[in-house]
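> If you look up Swiss-Prot, you'll see 154-213 marked as DNA-binding region. Swiss-Prot lists 280-289 with the feature compositional bias 'Polar residues'. If you look up Swiss-Prot, you'll see 294-303 marked as compositional bias 'Pro residues'. Here Swiss-Prot flags 29-69, 97-160, 279-311 as region 'Disordered'. The feature region 'Leucine-zipper' is assigned by Swiss-Prot to 212-256.
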Amino acid sequence: MEMMVHGRRDEQYGGLGLGLGLGLSLGVAGGAADDEQPPPRRGAAPPPQQQLCGWNGGGLFSSSSSDHRGRSAMMACHDVIEMPFLRGIDVNRAPAAETTTTTARGPSCSEEDEEPGASSPNSTLSSLSGKRGAPSAATAAAAAASDDEDSGGGSRKKLRLSKDQAAVLEDTFKEHNTLNPKQKAALARQLNLKPRQVEVWFQNRRARTKLKQTEVDCELLKRCCETLTDENRRLHRELQELRALKLATAAAAPHHLYGARVPPPTTLTMCPSCERVASAATTTRNNSGAAPARPVPTRPWPPAAAQRSSA
């Protein structure tokens, strides 16, 4: 009876362990009462399982009854009396009963208080990124506003010219590709445009002219490069043919003919200037060989004294 009162008190306080000392005393007293009780009758119902259990502060144990009822009574006490804060933690046992009890009870006040403030790491990161993105968006909006102010409060539109205006601008550009401020203002008044528009048109026209000239120069250089490449290939082929012909002629011609060395014939041609130089040298050698030699006197001159006496 005392054990039942103890169990109800534990259930009333939610297993907070307030009856630890009382459980020790009641456990010992319950064991003594079981020893003094007479054996149960055949027609009587077995005693409830709560009376077979005691509390020793560290876990549940059965009273001094028979051994064949000890283990079953201990398991029954574990199932009936739930004291999660006072019993030991079994790492091999899943907390199914506690989960079921918590689900049946519903969310507690502490959980309801924590739900609005609780958030996952992803939500925390998203909130931080949102806070960081807000200044960047504000900065972009401010930059766009400043651009609008600089551009006069609106986007710059492309200048549309009539045929007459374009013709006048083209003629003026052919005469002068650059304009001074006075010419620019006069042309703007003539065409009913702004000086800035005239200046921009001339800048674009100069850029287009330069680009076209660059393209023309590039095409000309490409053609020159192709021509030089073809000429270089032709010269290489001729050089290889001449070398092969020279080697073949040198191998076929005899080296000595009647004791005199005969130079191998060659088909190499010389430029006109080289031929003129060679012909002039040959003519000089031939003329010097055909001219008669000057006679050398063999009789000595008479002495000067004999000539004076004869005179």
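Glycine residues also receive a Cβ, built from the backbone N, Cα and C atoms like all the rest.
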> Using DSSP, what's the helix, strand and coil tally for the DNA-binding region (154-213)?
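DSSP classes over the DNA-binding region (154-213) add up to 43 helix, 0 strand, 17 coil.
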> What is the average pLDDT across the DNA-binding region (154-213)?
87
